[in-house]
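S.K.: This is the structure, below, for whatever I ask next.
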Amino acid sequence: MGIDRQNSGLLEALKMERVRTILTHTYPYPHEHSRHAVIAVFIGCLFFISSDNMHTLIQKLDSNIKWWSMYACLLGFFYFFSSPFIGKTIKPSYSNFSRWYIAWILVAALYHLPSFQSMGVDMRMNLSLFLTIYISSILFLLVFHIVFIGLWYIGLVARVAGRRPAILTILQNCAVISVACCVFYSHCGNRANMREKIFERRYSGWFTLWNKEERNSWLAKFVRVNEFKDQVCKSWFAPVGSANDYPFLSKWVIYGELTCTGGSCAESPAEISPIYSLWATFIGLYMANYVVERSTGWALTHPVSQKESEKLKKKQMKPEFLDMVPWTSADLFKTVFDLLVSVTVFVGRFDMRMMQAAMSKVEDSAKQDDLLYGQFSERDELWFDFMADTGDGGNSSYSVARLLAQPSLKVQSNGSSIILPRSNLLLIGGDLAYPNPSAFTYERRLFRPFEYALQPPLWYKEEHIATNKPELPCGMSLLKEYNGPQCFLIPGNHGLFYWLGGWFMPQKKSYFALQLPKGWWVFGLDLALHCDIDVYQFKFFSELIEEKVGDCDSVIIMTHEPNWLLDWYWGDVTGKNVSHLIRDHLRGRCKLRVAGDLHHYMRHSHVPSEKPTYVQHLLVNGCGGAFLHPTHVFSNFDSLYGTSYESKAAYPSFEDSSRIALGNILKFRKKNWQFDFIGGIIYFVLAFSMFPQCKLDHILKDDTFSGHLRNFFGSAWDAFIYMLGRSYVSSAGAFILLVIAITFVPSKVSRKRKAIIGILHVSAHLSAALILMLLMELGVETCIRHKLLATSGYHTLYEWYRSVESEHFPDPSGLRPRIEQWTLGLYPACIKYLMSAFDVPEVMAVSRSNICKNGMDSLSRGGAVIYYASVFLYYWVFSTPVVSLIFGSYLYICINWLHIHFDEAFSSLRIANYKSFTRFHINLKGDLEVFTLAVDKVRNACISCKHCFVYLLLVATVDCLHNVKVPKEWKLDPSWEGESKLQPDHSHQRKFPSKWRSTSSQHDPVNTVKIVDQFTIERTVTPEFEPVNGSVLH
């Protein structure tokens, strides 16, 4: 028993479950996931390469800096293109497409360069052999799957076999098999080994290393890794035998290469090719594995205990949160178009608020019941929250909703811990779902995070969202009897919502008034698209102020956008009816204005003076879940209604906000890889007419580096002049881009400055497009001059392979002619055109040479399409990182130096951190205590920025600022799961109301929340304004 207990502890220490997870996977059938096979092939490739004498390889390196600089450029561009997809899978499968695309065109370019050949590696053979085995494997497995599905159809195999394999799975497995065969051929060849030699090696060579007589010299033999590689090739991967042992298969196998000794070659051996043996082994393993699992079922081949099955089920139970909205992707073009149509066509012609008033069939005296709510007015004290701009990223929205739902929050205030209970009332200041208010975005980005945080009651019915909204919660006769949390929202028509998670929503109109304890009021104004209240709202609120709001009462006005900041920023004046209501009707009783729309936290408080103060505090908190907005852009705001204000708090701080903008330079493409399609197309249109550049001899004639640069940029200028004078396509593209760039500059900038900014922006893009075009053309021209490209037509690789195939892969049985005859010539034709399609640089170089010699008219229309398509395949890779870098730099300069593009510059970063909400408390004395709570967890492994240099300094700075983390990984809360079995009537009665918690307790919002701002608004004792002869005095 003691031994068993000790072994059990050892297994726990070794984390065997983690080891099992690494060796297996989450997919139902292992043949559909070739990741581990790829790893195994990669490790084998490294072994075979490292087994050669490294000293010899170093001696073979080509010292010509021209080729190695070309290598550096190629690898650099390809790395930056694929960097957003390293280490993660992005859906839709653009990430997987990019990996295969990069592998294809990178290898197609590298194998033409001479340095691999100087190291003794002939990539032409590897590539041609890979493509041949790849096509053969695909065809063979497709036939196998068709036959197997046919057997299932007639009922000869199990029902589970009817699940059809994905084409991508077959392609991945065939690629792994082909790579493995090519790696073996590169280091072992296709030599036919005689039986006698194989028999002798079984008892000699490397394995004598373990004999007692020679065990002292094993280290010396280990150094000779090359000998071990020979033993692996000749013994471990030797052919399965002679074809004479398998008479039936003698005409259907590939034979090994002739063995030559002493200058003479033996007759054609009967030994099967080791390449064929390896391929047949892999194919047989795939087929056997597939047949066994599809026939007997997964449970028989991989039995799992009930305990492990439950653990696996819990691991798979994770919330399906959506990522932050990619605002710079092409997917939002439709959304922008819809918004433009709605704003342009319907604004001024249709207003939802007018429709609400027209549909109302009750009298004005009774209508106030739908707008005025007093269920909280008789309480001694009240807690209520304000948040805005939720419904973007699921992680950030749920983090805030989880904090709102907790029965209490323990935070630090002035060096001591205080406990803030959950609020009775939640106010949401608009912008509920991004990027558009569709049913899908409401469900996935708004309802689901809040339902996970605080579940609706058992009697909740989804159809109540659309029809027959109940007046009161189940079992209640009066609204004030309900002691659960309630919610009110602006703007828009939210009267159709019944429950937002566990928050009951009694609201029926898009605007409302709440009478709170101790003379406090909340006015929720619906500004709609006019940035102002309509006549119906003005009439309701003005009459309410005159009839019910006392002279010593205090009012909080809530709007969906802070027009005091936006009017100052844009130099505009909006909300005239709101201003009239505040200045001429409330007359100093408006103590606080709160709004969202700007996704940060800022508070401005009035500076005491002799001038009248209409509003004491201006508060913006739009950190409910949407992307972050900068604060430093609004740092100079200082006045409203003639009253001076000063900034009291900002989250993030002005300094941090300015530094966060640096992420546009470093991380724009990583965050906005969907921008590739737009940027690559734009650059190709700009450089389209300049391909090809046939006269580039003068660039390399000068012997000095400065001369090369001078000639290079001189050619770029000549290309620019050519584009303006003779290239209609590129000129039109540049003009359209200039118009778009000038229009893109915000309207607050003067026309002259807009033109200057637009011209500089387009000039940077145009210069980069021309420079990339010249670099690409110069590389192709260099390879052509050194006979590395355009040597023998479009099918160079195939013709070379056929000559090598006949030499190293003998075919005494005539297998290849028979296959060609039976496939009606498709067998060699498919491989021939596949090699041509793979060898994009050769196709591009041959077409380019024809154009330079005979002119563009010498190409047919199809030939021109093929040429420009081959150019685009490489130019797109070169241009996408550059266009993202330039556009990100443009946003950084604009946001930090010119203070424009604050929306575009920060929406592109898609920052899910810096989330907050504001909690209010009307205490027993009637004072309003204000606490702004934020999720602010800094990771421990933060690089010290002062110890970094240049680029590392920039990366470390941005990373340190981005370490204010919102959790991204959630797991089922066992406390919630245990409590849910008791099934209380209301989720707000639970001690653990939220379903998910962070996988790391250090990053859980409940444990990382802190106070970033705290102040108190005292209760009004005497009115500050009084009417005198119709005027207003302070």
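Cβ from N, Cα, C; glycine included.
Please treat TrEMBL annotations as automatic predictions, because they have not gone through curation.
Note that this is a predicted model, so its numbers are computed, not measured.
Sharing the record's features from TrEMBL:
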- 37-55: transmembrane segment (TRANSMEM)
- 67-86: transmembrane segment (TRANSMEM)
- 98-116: transmembrane segment (TRANSMEM)
- 128-154: transmembrane segment (TRANSMEM)
- 166-185: transmembrane segment (TRANSMEM)
- 673-691: transmembrane segment (TRANSMEM)
- 719-744: transmembrane segment (TRANSMEM)
- 756-776: transmembrane segment (TRANSMEM)
- 865-893: transmembrane segment (TRANSMEM)
- 977-1003: region 'Disordered' (REGION)
- 977-987: compositional bias 'Basic and acidic residues' (COMPBIAS)
S.K.: Does the transmembrane segment (128-154) reach the transmembrane segment (98-116) with at least 3 CB pairs under 8 A, where each pair is 6 or more residues apart?
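M.R.: Contact between the transmembrane segment (128-154) and the transmembrane segment (98-116): absent.
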S.K.: Using Cβ atoms and a strict cutoff of less than 8 Å, what residues sit near the transmembrane segment (673-691) while being 6 or more residues removed from its termini?
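M.R.: Residues 84-85, 90, 94, 326, 328-331, 719, 722-723, 726-730, 733-734, 737, 765-766, 768-770, 772-773, 777, 867-868, 871-872, 875-876, 879-880, 882-884, 887.
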S.K.: Residues of the same chain, at least six outside the region 'Disordered' (977-1003), with any C-beta under 8 angstroms of its C-beta?
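M.R.: Answer is 318-319, 398, 401-402, 405-407, 422, 452-458, 484-485, 502, 937, 965, 967, 969-971.
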S.K.: DSSP helix, strand and coil counts for the region 'Disordered' (977-1003)?
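M.R.: Helix, strand and coil residues of the region 'Disordered' (977-1003) number 10 helix, 3 strand, 14 coil.
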